[in-house]
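Chemist: Pulled these from TrEMBL:
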type	residues	note
REGION	99-127	region 'Disordered'
DOMAIN	131-323	domain 'CDC20/Fizzy WD40'
REPEAT	177-218	repeat 'WD'
REPEAT	261-293	repeat 'WD'
Amino acid sequence: MDAGSLNSFSNLKGQSRCPLQEQLLFRKNSKENMDRFIPNRSAMDFDYAHYMLTDGRKIKENQTVCSPAREAYRKQLAETLNMNRTRILAFKNKPPAPVELFPSEHSTTSVHPTKSAKPRRHIPQSSERTLDAPDLVDDFYLNLLDWGSSNVLAIALGNTVYLWDASDSSTSELVTVDDENGPVTSVSWAPDGRHIAIGLNNSEVQLWDSASNRQLRTLRECHRSRVGSMAWNNHILTTGGMDGQIVNNDVRIRSHVVETYRGHQQEVCGLKWSASGQQLASGGNDNVVHIWDRSMASSNSPTQWLHRLEEHTSAVKALTWCP
């Protein structure tokens with residue numbers, strides 16, 4: 001199809017749409033309102049309707065054999081008796097607008113304005129991107145992925161931690177630990193999106209500066225086995241180990257262990273601080289959830305939990321707080 005044909009097609013299309021729109025507007029604004037077929041029983045003549053459905057049909061069938069004089073007499077009689085109607089159902093204009101019983105200034109809507117409907121969230125049915133992750137440890141109890149506030153995804157693949165920048169899809173290697181220390185069992189970004197904690201299979205935790213790609217320090221003697229879960233609370237890094245212990249580490253001081261929570265009988269695989277930073281939720285392989293209160297924490301003796309939830313029938317890893 002050439003350009004001339006396209007132009008003529010568009011013009012033809014425009015011409016065909018305009019009359020229809022005008023016609024719709026005219027009918028909508030007309031006083032007849034012929035698009036509203038609402039029967040009104042008060043305007044119906046049921047006797048006449050019954051006659052037209054029964055005897056009236058017989059008259060029409062016999063009209064071919066009537067004489068001219070008889071036909072003229074029938075028409076005159078119909079006009080006199082108002083029988084020249086062709087419709088059985090009666091229709092009226094659309095009903096008038098409802099009358100407000102209460103003035104608008106006293107209505108409840110002015111006192112309590114209605115909230116605007118929240119737009120529905122679109123959930124895509126397919127992935128936006130797919131990242132190849134070879135050597136990802138197949139262990140449910142480990143936490144090997146964490147997305148930081150700087151829009152960088154940290155992922156542990158075997159003994160190596162990689163950083164994937166979501167803004168430009170660039171990938172960089174942060175660190176590869178030795179075989180005697182690895183594999184990496186957990187990663188957790190600090191709230192600043194720059195510093196990251198790396199938990200290892202040998203019970204140690206390394207702190208790294210991702211901007212300078214430099215290791216800051218190593219936290220030792222927190223646990224007796226691998227560190228599978230971690231959570232930040234400002235400058236406090238909370239670690240959960242396979243030994244069932246939960247340790248609060250103040251990363252600013254040399255003696256970093258400040259509180260210890262003991263309540264799980266098996267590996268701690270989920271940790272989450274509340275928004276206030278005062279309460280900690282922990283989930284373990286013993287199917288138990290504990291709620292700990294920071295104000296009750298003690299550095300001299302193990303802290304007692306605030307709540308203990310035992311309704312789960314399998315390990316609890318996914319935890320979050322209601323805002």
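We number each residue from 1, going along the chain as drawn.
Placed from the backbone N, Cα and C atoms, the Cβ positions cover glycine too.
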Chemist: How about long-range neighbours of the repeat 'WD' (177-218): same chain, 6 or more residues beyond its ends, C-beta under 8 Å?
Modeler: 137, 139, 142-152, 154-156, 158-161, 163, 224-232, 234, 237, 239, 241, 249, 251
Chemist: Sort the residues of the repeat 'WD' (177-218) into helix, strand and coil with DSSP and give the three counts.
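Modeler: The repeat 'WD' (177-218) comes out at 0 helix, 22 strand, 20 coil.
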Chemist: Pull the DSSP breakdown for the repeat 'WD' (261-293) and write it out as helix, strand, coil residue counts.
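Modeler: So the repeat 'WD' (261-293) is made up of 0 helix, 19 strand, 14 coil.
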Chemist: Averaging the per-residue pLDDT over the domain 'CDC20/Fizzy WD40' (131-323), what integer do you get?
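Modeler: Averaged over the domain 'CDC20/Fizzy WD40' (131-323), the predicted model reaches a pLDDT of 93.
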